[in-house]
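Participant: According to Swiss-Prot, the protein carries these features:
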- 1-150: region 'Actin filament-binding' (REGION)
- 1-20: region 'Disordered' (REGION)
- 46-83: region 'Disordered' (REGION)
- 134-188: region 'Disordered' (REGION)
- 206-393: domain 'DH' (DOMAIN)
- 422-521: domain 'PH 1' (DOMAIN)
- Cys582, Cys585, Cys611, Cys614: Zn(2+) 2 binding site (BINDING)
- 643-740: domain 'PH 2' (DOMAIN)
- Ser702: phosphoserine (MOD_RES)
- Ser716: phosphoserine (MOD_RES)
- 742-766: region 'Disordered' (REGION)
Amino acid sequence: MEEIKPASASCVSKEKPSKVSDLISRFEGGSSLSNYSDLKKESAVNLNAPRTPGRHGLTTTPQQKLLSQHLPQRQGNDTDKTQGAQTCVANGVMAAQNQMECEEEKAATLSSDTSIQASEPLLDTHIVNGERDETATAPASPTTDSCDGNASDSSYRTPGIGPVLPLEERGAETETKVQERENGESPLELEQLDQHHEMKETNEQKLHKIANELLLTERAYVNRLDLLDQVFYCKLLEEANRGSFPAEMVNKIFSNISSINAFHSKFLLPELEKRMQEWETTPRIGDILQKLAPFLKMYGEYVKGFDNAMELVKNMTERIPQFKSVVEEIQKQKICGSLTLQHHMLEPVQRIPRYEMLLKDYLRKLPPDSLDWNDAKKSLEIISTAASHSNSAIRKMENLKKLLEIYEMLGEEEDIVNPSNELIKEGQILKLAARNTSAQERYLFLFNNMLLYCVPKFSLVGSKFTVRTRVGIDGMKIVETQNEEYPHTFQVSGKERTLELQASSAQDKEEWIKALQETIDAFHQRHETFRNAIAKDNDIHSEVSTAELGKRAPRWIRDNEVTMCMKCKEPFNALTRRRHHCRACGYVVCWKCSDYKAQLEYDGGKLSKVCKDCYQIISGFTDSEEKKRKGILEIESAEVSGNSVVCSFLQYMEKSKPWQKAWCVIPKQDPLVLYMYGAPQDVRAQATIPLLGYVVDEMPRSADLPHSFKLTQSKSVHSFAADSEELKQKWLKVILLAVTGETPGGPNEHPATLDDHPEPKKKSEC
């Protein structure tokens, strides 16, 4: 019996017919007997060499694996035929001139292998690359290829199963592997080296891609800076120079945007463009970004004033029509991309974190031994520090945006848009009625300092909720209750109201209790810090006794040590309640609590700003003096009515609220402000309206009261109605001057004074 080696290749080509024909024509035209023996050696090496997946996609087909696993060994001494026969397989392609010889020898061995055929499994040929499916009805017999001593599969093999290398490349690869084995190297080591080479090339490509992304985003960023600097800023400054609004406000909004634009457009962007052109010789960006470090101070100034800028844009858009008109006109242009001014102003804040992200990705791909490693790492450290400040500003902007959304959902009636307010949690919940314990649908907005308890509105447009109760976090307690009929209940007890609430599930209940308790704890921690600061300050100031106030310079409390006025405890904000220092005790107080002046001995007897308490101790005061120094709403009605341009009772209505009678006064000392009191002798005004910028509508609607008129500015609408047409015209004469900024002189005889009306006690209640 002959010994048959396991089959590892087929005489049938795995290439498509076109490639087979091409290879056959090559062999027919250029093969010789001398080359044929060489071909035999190469093919024998190829067939015996292990075929592992590699760069060129060499794979072993399922049929080849099956044959190699199940072919039996043929015992015998007849090896002359297998050793002396010519090879009929060359790299998996049948040579045309030897095909007939191979077929004859296969036929000769077919009859002697019947027993072997019976033991072989059936092989099916499936559709490959769209070819038809042919299933062998007879056992597929592995026959001995007399050309090289290997068994070949006689079943039908579909072309195109895997890529086949050209003969020259296949032979070269085989010789390399043989040489490796002779040198003691394994094919796996070569494969790892190849993969390492490919990885190196891949990293280089990724580094170039990151650098190119930096360049592309920098171009887009410079375009945004041009939009802010050359369009928004310039157009608004032109309008301000016409006298529509102060130019100083425009400068505060845009801060140092011109300097930032100049740096990026004239330095950083040209440097990046030049470097990308020279990337083949200088593949690095760390040295360029390191030059960015000294200019990050510009971003610090921009980010620091960002909150104030956003507040200014909001207020000026609402109150100044000319400002709003210019901004909206620019926002309609294609260059804005349907985005608002506030959105574009956020671009510089977001840019620094973008640099940080790209640099981190760049360093991950950069080899540690690269020349750019140290520069890139140093740049990342500097930029990461600046990015932390930018991220803080982004979070504040996102929080402010959310507050505006809630403000609109509540019908713009709750004053919640304040940088000090932070939304913690919101969601739907059920409220258990006290009388019949029925469950009613409610909605909660939890902030860091209050809980808004709201009732849903079932309307397609407008506000979605009505605020039923505002419960302060100060003094709030959370109690977990047990109710068999109503599960998942808990109680929120505050100074303003106690609510028994029902969550939708045990998890929802747990989340609400956790959020509420953490908010309460954080609130108390802030106030504890505040109280400790005061106590510590009192210890430090123990040397400055009451008798020494004004005689000895105090230690000033730092601005960042407090978040609220140390006298009235109202929270500070950048726009309406700024920080001031009392020159006598050093406390940080608001404008209202520091609206006093006293002579301080340690400062040479100069009049200096002091708080209310220090003013009382240093100067002493009378009741009348105290009244003169009260806030704008605390000015007594009798004071302004006796020295006013016009004053009388008017019917007043705001938004959808009902009409109510109010004592209205425009004083001579403040002729551009309308004061409204409940009665002529009230010591505090209910509201004030700065008249500058309002639009006056003299024509009442049919639904309004007779002799009515309206004051409109942005979303604020105030409706008034006089008792007569004559009184209405007297008011309009004064108001029409005030809304344009002109100061009415005011006649000696007031158009409508207290003498024109009986005492309030004789009239109906307001």
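Note that Cβ sites are derived from N, Cα and C of the backbone, with glycine treated the same way.
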Participant: For Cys582 (Zn(2+) 2 binding site), what residues in its own chain, 6 or more apart in sequence, show a Cβ-Cβ distance under 8 Å?
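Facilitator: Cys582 (Zn(2+) 2 binding site) has long-range Cβ partners Pro554, Val589, Ser594, Lys609, Val610, Cys611, Cys614.
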Participant: DSSP helix, strand and coil counts for the domain 'PH 2' (643-740)?
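Facilitator: With helix first, then strand, then coil, the domain 'PH 2' (643-740) has 14 helix, 43 strand, 41 coil.
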Participant: Please count the residues of the domain 'PH 1' (422-521) that DSSP assigns to helix (H, G, I), strand (E, B) and coil.
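Facilitator: Within the domain 'PH 1' (422-521) the tally stands at 16 helix, 48 strand, 36 coil.
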Participant: Look up Cys614 (Zn(2+) 2 binding site) in the DSSP assignment and report helix, strand or coil.
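Facilitator: Cys614 (Zn(2+) 2 binding site) sits in a helix per DSSP.
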Participant: Other residues with Cβ within 8 Å of the Cβ centroid of Cys582, Cys585, Cys611, Cys614 at the Zn(2+) 2 site?
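Facilitator: Here the nearby residues are Leu549, Arg583, Ala584, Gly586, Tyr587, Val589, Ser594, Val610, Lys612, Asp613, Tyr615.
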Participant: Could you give the Cα-Cα distance between Ser716 (phosphoserine) and Cys585 (Zn(2+) 2 binding site), in whole Å?
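Facilitator: Cα of Ser716 (phosphoserine) to Cα of Cys585 (Zn(2+) 2 binding site) measures 41 Å after rounding.
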Participant: Does DSSP put Cys585 (Zn(2+) 2 binding site) in a helix, in a strand, or in coil?
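Facilitator: The residue in question, Cys585 (Zn(2+) 2 binding site), is coil (DSSP, three-state).
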